[in-house]
Amino acid sequence: MVSMRAGNGSFVTEFILAGLTDLPELQLPLFYLFLIIYIITVVGNIGLITLISLNPHLHTPMYYFLFNLSFIDLSYSSVFSPKMLMNFVSEKNSISYEGCMTQLFFFLFFVISECYMLTSMAYDRYVAICNPLLYKVSMSPQVCSILSFAAYGMGFAGASVHTGCMLRLTFCNANLINHYLCDILPLLQLSCTSTYVNEVVVLVVVGINITVPSCTILISYVFILANILNIKSTQGRSKAFSNCSSHIMAISLFFGSAAFMYLKYSSGSMEHGKISSVFYTNVGPMLNPLIYSLRNKDVKVALRKSLIKFQRKDKF
């Protein structure tokens, strides 16, 4: 729908989401596939949040950050997944202008927050392995709170800047977003006014939000690796590697799929960019709780205890 809008001068009142594919025969199979992915994501992340909340021995800095990571994964997956699922089974895949900008803001807020939450987790592993005697002091509840609030603060700042710049653009006639969600690059292609400022903001803000976390994580793991290699006992090295393996997998999945997606977009391949973004937006939030539960002894013990406690209550 196109009409004159008061305030920001934009003509478009709603956008049409192209979705993953326009092939009718694939709509229903994709609906069931992504419904299963979303259910696993919701159950897995809520389960991990509940498990950490109910088990006192998991009330440590590492699991505090994992609690926040699960909350972020659950939230940003829920920003677009319900709408994505509806679009598979509805004829008109429309989203209002206001709804699109709101989705853009919250999607960016949670994605950027996840970048910095993973960075905080890398710093936590660095302190635990390289300075274990100072761990309780260095990773006190106050420090953990500051790091998590800083992650959310960076997410809010980045999302506000991007969304604010998007609101200044004018969308005239073209309203077909070549994506299954409202993202920055597909929206910029629809603007009938100059996007130079937005492109500069994307370059600067995305540059900061990739460079700062990536460098911090890389430096942390260089020190961690150097420290692990200095451990003389094989058992000690194995335990140290085990403590980091889940986090390394989560980082690789998040940053690797995100980088691949934006490289596809920058090469001009929107279709490949859409498909690769599925790993970044859908698969990552689904796999994170599985990675941290299946490869983590503490989580498996906590789960076993919770199940035994639940069974005992059920008997009485």
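The backbone N, Cα and C atoms fix where each Cβ goes, glycine too.
Annotated in TrEMBL:
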- 30-51: transmembrane segment (TRANSMEM)
- 44-292: domain 'G-protein coupled receptors family 1 profile' (DOMAIN)
- 63-81: transmembrane segment (TRANSMEM)
- 101-123: transmembrane segment (TRANSMEM)
- 143-161: transmembrane segment (TRANSMEM)
- 200-228: transmembrane segment (TRANSMEM)
- 240-263: transmembrane segment (TRANSMEM)
- 275-294: transmembrane segment (TRANSMEM)
If you count every Cβ pair below 8 Å, which range out of 30-51, 63-81, 143-161, 200-228 shares the most with the transmembrane segment (275-294)?
30-51
Positions whose Cβ lies under 8 angstroms from the transmembrane segment (200-228), at least six residues beyond its ends:
112, 115-116, 118-119, 122-123, 125-126, 129-130, 154, 158, 161-162, 165, 184-185, 188, 237, 240-241, 244, 248, 251, 255, 259, 262
Could you give the residue numbers and ranges of same-chain residues that sit at least 6 residues beyond the transmembrane segment (143-161) on either side and whose C-beta is under 8 angstroms from one of its C-beta atoms?
61, 64-65, 68, 104-106, 108-117, 119-120, 123, 201, 205, 209
